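As recorded in TrEMBL:
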- Cys381, Cys384, Cys421, Cys424: Zn(2+) 1 binding site (BINDING)
- Cys390, Cys393, Cys408, Cys411: Zn(2+) 2 binding site (BINDING)
- 152-321: domain 'Helicase ATP-binding' (DOMAIN)
Amino acid sequence: MSHLIVQVVLDTPLDFCFDYRYPVASEDTQLPQVGQLIVVPFGRRTEVGLVVGIKNHSEVNEKKLKDALSLVEGVPPLHREWIDLCRFAASYYQRSLGEVALPSIPKKIRHLGKLALKRALKSLDEKNGKFLSEREEKPQLHQAQQNAVSAIMHSCGFAPYVLYGVTGSGKTEIYLHSIEQVLDRSPDAQILVMVPEINLTPQLETSVCNRFPHENIATLHSRLTESERLKNWLKIASGKARIILGTRLAVLAPAPKLALIIVDEEHDPSYKQQEGLRYSARDLAVWRASQLKIPVVLGSATPSLESWQHVLTGRYIKLELPERAVKDAVLPAIKLIDTSKQLLNKGLSGELINAIQRRLEKGEQSLLFLNRRGYAPVITCEACGWISSCERCTAYMVYHKSHRLLRCHHCGLERPVPRVCPDCGNADLQALGQGTQRVEEGLKICFPDARVLRIDADSTSRKGSLQQALFSIHRGEVDIIIGTQMIAKGHDFRNLTLVGVLNPDTALFSHDYRSSERLFALLMQVAGRAGRSSLRVGANPSEVLVQTRYPMHPLYQATLSHRYEKYASELLAERKNAGLPPFGYQVLLTAESRKIETALAFLRDAAADIPCKDGIMINEPIPMAMMRIANMERAQMLIESNSRACLQHMLREWLPQLRSRKTGVRWQIEVDPLSI
Ligand SMILES: Nc1ncnc2c1ncn2[C@@H]1O[C@H](COP(=O)(O)OP(=O)(O)OP(=O)(O)O)[C@@H](O)[C@H]1O
Ligand SMILES: [Zn+2]
């Protein structure tokens, strides 16, 4: 009996492939192929690995070589480009290939759920066939939309587009038309469409399913059940799914025939994975498009400064939609309400209350945006100054009135609300500030006849509940919506003419240099929920009221005129002066330990190890802004360079040393960190 050697990567941090013997018993033995999944013994377990190479001889001592057990049947070999994508992501984000490739494969396959696999394989041809809502007319594209679609369709090879369209300008329609044309043009082409948040997938799914009822469509996001994930992933890997919709993790979908990639709301921070492999799905999408020589469309009303800078230098092509798509729909007027000079009633200014009242009279909807869930951010004792801090984090515990609980939103710790002050026994504890639950309560008192709906992580924790809530808004069963950023982005509410923004000021004073870019984008997004249909006779003109204590702040002044471009150039000028991204490149090393001194000392030692310091700036290690979470104290060290290659080179030399350090400190490296 002869044998081959298969080179297999496994889900371990060890960055090499393992050689296994693959017995070839007879001529009929099925030979392994690169990209196939294979079952191998690893230590005392059996594991599923990915075959990345096949050869005749191994350098490993013959006696140490083990036999591979079997190929995973039914899963098509994953194609080389996909392996190269994983390889690139691994090398760029400093992980092993196995740590990138294997976790992206459904658990049911990796755990050898044979029955599940068999069942899933049977339904690969399943077409969408379901209509998720009333079918809508396909609108006639406006000139600007036509130009955009035509540019995308006429591109040749790799073509990165920034679809810069104000909110409500009909970007979705451009996606749908481009998808349609690509599908018509090539009988086996696949298209990947990504959205930043899971709660936006159903909306896009509805549009896509309605438009393409006879296509094979697969979604990929983290809330699928394992069986759904298995089925959808197989549909994608086998090339049967023509349209792939998903959140950031869909960028690693092993689609063999990708012909177009669309990244909606490309500026959104949710495209950055914040744990494990800390990748930017937007950046990987662009890399993938360039690898496959296909177009990629990055859509946004407020493109990220990274993408915008590429537009300015001509590396990316700008496709512009300057106006709203629906006839007579205009961007809402934005007004700043100075709350430093007035008393608020349940967190609401008189002007906002009047504006809501006018909406109620006309049967229109209002949306209030407050990015703090819970009842109140903190409770205090006015007698002695006690404050509800989390005992395990550098954070306050948030008051959740309905459960009579204090809850830490960082570590999850819960405590009953004390009846009296734990320090001085005073019985008069005060809830300070506003959370969504408290505003909801206030709204019900101010407008007893109105139908108020709160949407935040607490109100939508049950599967399907967010969907229900959104449907009831669309059906007009809600008058006033109060919600967190969950509700701020992407939704197309037709009867909404007022948006109120409550206390967005905290971001103005953040130590994170990206916070103004983020706040500006969020304000534009949430403002963009108002006035998306044509103005009806006698209806209120759409408006946005922002309650702030700092109305003169340049950021708010820029939002007044919806002037993204001007504000973007100001921010870019600042970034350039300071050598910050997109003009410089960064890597963040974070460390955590029971004691902050240990974490800081680890970072200092790590800094001393950095082998090649040319062109590299190493900042002093500092405690993180939120220093303690769940009793672990955290510190960070930022490393900068104006050359990406320089940083990458340094990391390759440095990380093996760092990994070999024996310390009790947990550490993480993050390339292109988004929040600092
Ligand atoms: N050519 C068109 N004619 C008429 N209506 C259109 C046209 N294109 C799009 N619309 C409608 O315009 C509305 C806004 O479109 P869409 O939701 O795609 O905007 P968007 O650019 O994605 O906005 P946002 O950035 O806020 O998500 C939708 O109700 C859509 O049906
Ligand atoms: Zn905590």
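Each Cβ is built from the backbone N, Cα and C atoms, and glycine gets one as well.
Predicted automatically and left uncurated, TrEMBL annotations should be read as such.
Shown on the structure are the features that TrEMBL records.
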residue : record                : Cβ neighbours (10 Å)
Cys381  : Zn(2+) 1 binding site : 21
Cys384  : Zn(2+) 1 binding site : 13
Cys390  : Zn(2+) 2 binding site : 23
Cys393  : Zn(2+) 2 binding site : 21
Cys408  : Zn(2+) 2 binding site : 21
Cys411  : Zn(2+) 2 binding site : 18
Cys421  : Zn(2+) 1 binding site : 19
Cys424  : Zn(2+) 1 binding site : 11
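When the Cα atoms are compared, Cys421 (Zn(2+) 1 binding site) and Cys411 (Zn(2+) 2 binding site) turn out to be 23 Å apart. In sequence order, Glu382, Ala383, Gly385, Trp386, Val420, Pro422, Asp423, Gly425, Asn426 are the same-chain residues whose CB sits within 8 A of the CB centroid of Cys381, Cys384, Cys421, Cys424, the residues recorded for Zn(2+) 1 being left out. Proximity to ligand 2 (Cβ under 6 Å from any of its atoms) holds for these binding-site residues out of Cys381, Cys384, Cys390, Cys421, Cys424: Cys390. Here the C-alpha separation of Cys381 (Zn(2+) 1 binding site) and Cys393 (Zn(2+) 2 binding site) works out to 20 Å.
Summary of the Zn(2+) 2 site environment: with the site residues Cys390, Cys393, Cys408, Cys411 set aside, the chain residues having Cβ atoms within 8 Å of the Cβ mean position are Glu391, Arg392, Ala395, Met397, His409, His410, Gly412, Leu413, Ile629, Ala630. The CA atom of Cys411 (Zn(2+) 2 binding site) is located 26 Å away from the CA atom of Cys384 (Zn(2+) 1 binding site). Cys393 (Zn(2+) 2 binding site) is 23 Å away from Cys424 (Zn(2+) 1 binding site) when you measure Cα to Cα. For Cys384 (Zn(2+) 1 binding site), the nearest of the binding-site residues by C-alpha distance turns out to be Cys390; the candidates were Cys390, Cys393, Cys408.
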